[in-house]
Amino acid sequence: MLKALFLTMLTLALVKSQDTEETITYTQCTDGYEWDPVRQQCKDIDECDIVPDACKGGMKCVNHYGGYLCLPKTAQIIVNNEQPQQEIPAAETAGAAANAAATSSAASGSVAASGMAASGVMPGGGFVVSAAAVAGPEVQTGRNVVSRRNPADPQRILPNPSHQIQCATGYEPSEHNVCQDIDECTAGTHTCRPDQVCINLRGAFTCQCPPGYQKRGEQCVDIDECTVPPYCHQRCVNTPGSFYCQCSPGFQLAANNYTCVDINECDASNQCAQQCYNILGSFICQCNQGYELSSDRLNCEDIDECRTSSYLCQYQCVNEPGKFSCMCPQGYQVVRSRTCQDINECETTNECREDEMCWNYHGGFRCYPRNPCQDPYVLTSENRCVCPVSNAVCRELPQSIVYKYMSIRSDRTVPSDIFQIQATTIYANTINTFRIKSGNENGEFYLRQTSPISAMLVLVKSLSGPREYIVDLEMLTVNSLGTYRTSSVLRLTIIVGPFSF
């Protein structure tokens with residue numbers, strides 16, 4: 001009973017103390033509130049909106065009646081507006097808040113916002129609590145979860161004051177006789193250096209460095225962003241208060257002004273004359289077959305293949321843009337793009353008469369009479385002329401003359417076997433000898449007997465054409481008794497072509 005009486009007397013004493021404090025605070029709102037001249041009452045100040053960087057270390061700012069909270073980003077705030085609140089005069093609010101703070105602290109261990117303000121929080125400032133702490137008449141429901149009840153609205157309608165209000169430092173009376181913040185930055189009463197930026201606060205101001213600068217002592221010095229990687233992908237250029245990125249040749253800045261992307265020069269500005277190949281940061285030019293890059297590495301110059309080698313074509317090389325072609329002389333045709341082959345005009349077109357025979361040689365053709373026999377010889381078979389025994393003139397002449405034709409190339413290697421002569425009729429007890437009867441005045445040929453009935457004509461000197469040689473090869477036949485002697489002639493026409501092919 002005595003304990004209950006003691007508590008009742010303590011409560012009356014606190015109420016009496018609040019009435020006394022009301023006369024001392026005049027019409028000024030408590031910390032964390034400001035006077036609303038329109039509604040003629042105190043209203044809460046949203047410190048999270050007006051205080052720059054109110055919370056540090058990744059905490060989030062939560063506005064609270066008469067202050068604000070800094071809580072982890074994972075904290076949950078549950079607001080309970082179930083019980084209606086009555087308007088309480090500003091002076092009574094301070095006493096009620098203090099009483100509520102004492103009661104709440106004793107009951108649940110929580111910290112009231114008004115209690116914190118009374119503990120030294122400056123006007124316009126805030127207070128920081130951990131995730132386990134709450135402010136005002138609150139109830140802690142779990143880790144990082146706070147249930148908050150609205151306190152009594154800390155405002156009241158005041159009568160027109162009859163005396164000038166006294167304001168704290170950084171504030172001044174308004175026309176409504178209410179303390180309002182002095183904007184030192186606008187008024188020019190701040191003490192910030194010319195290289196600093198003035199930030200107004202409630203009841204004070206602060207000096208900060210502009211973006212891109214940092215405070216070193218009392219001065220603002222430029223931040224060299226290029227020394228703190230990775231700002232730029234390739235090259236960083238520091239500027240006063242900022243920086244910008246550059247790319248190496250062959251690259252360009254992407255839309256984010258940081259990353260460098262390769263420039264496809266082959267699509268953007270193809271400088272190559274023929275083929276362009278893009279590579280990382282650059283490009284290379286290549287030429288089509290038959291061309292080579294010029295000294296500028298961009299244009300292409302024709303390769304004169306005919307000057308690089310004399311063995312490309314058998315006869316003549318003709319250079320063309322990007323290629324070459326081979327030509328052959330008259331009487332020849334190009335085969336396999338480079339070699340020359342004789343055209344057999346006797347099988348295609350020729351100008352020989354009906355009584356003539358066509359003889360093809362390397363590079364041309366000639367017409368010879370089908371009957372080459374001259375009196376007193378008569379034609380007995382193709383190209384064979386016989387002198388009749390009945391004719392007395394024939395006794396001193398070769399019995400027969402056989403006409404043969406052959407073609408050889410110019411500059412043929414020597415010695416070289418070119419023609420073989422052989423007896424067609426063999427008599428018993430006879431001896432055959434072979435000799436060059438005519439046509440070898442310069443000693444170009446040599447007749448070598450290879451058997452009793454045959455001999456080989458050998459070329460011993462190189463011949464150059466076009467030229468025709470007529471060589472008579474004679475075979476003498478004598479019997480072993482020496483009573484019989486006869487001869488036969490092979491008239492060989494050798495045509496030397498104009499070229500070595």
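Every residue gets a Cβ built from N, Cα and C, even glycine.
A simple way to gauge crowding: the CB of C226 (disulfide bond) has 16 other CB atoms within 10 angstroms, across all the protein chains here. Feature annotation from TrEMBL assigns disulfide bond to C226-C236 (among others).
Sequence-distant contacts of C266 (disulfide bond), defined as residues of its own chain at least six apart whose C-beta falls under 8 angstroms from its C-beta, comprise C272, C276, Y277, N278, F283. Taken from TrEMBL, the feature disulfide bond applies to C266-C276 (among others).
Residues annotated as domain 'EGF-like' in TrEMBL: 181-221 (among others).
Summarising the annotation, TrEMBL assigns domain 'EGF-like' to 222-261 (among others).
Per-residue confidence over the domain 'EGF-like' (262-301) averages out at a pLDDT of 93. Taken from TrEMBL, the feature domain 'EGF-like' covers 262-301 (among others).
If you look up TrEMBL, you'll see 302-341 (among others) marked as domain 'EGF-like'. Under DSSP, residues within the domain 'EGF-like' (302-341) fall into helix, strand and coil as 4 helix, 18 strand, 18 coil.
Summarising the annotation, TrEMBL assigns region 'Disordered' to 139-159.
Annotated signal peptide per TrEMBL: 1-17, in sequence order.
Within the chain carrying the domain 'EGF-like' (222-261), a Cβ under 8 angstroms from the stretch's Cβ atoms is held by residues 210-214, 280-283, all 6 or more beyond its ends. Note on the domain 'EGF-like' (262-301): DSSP counts are 4 helix, 16 strand, 20 coil.
In this view, C236 (disulfide bond) is surrounded by 19 other Cβ atoms within 10 Å of its Cβ, with every protein chain counted.
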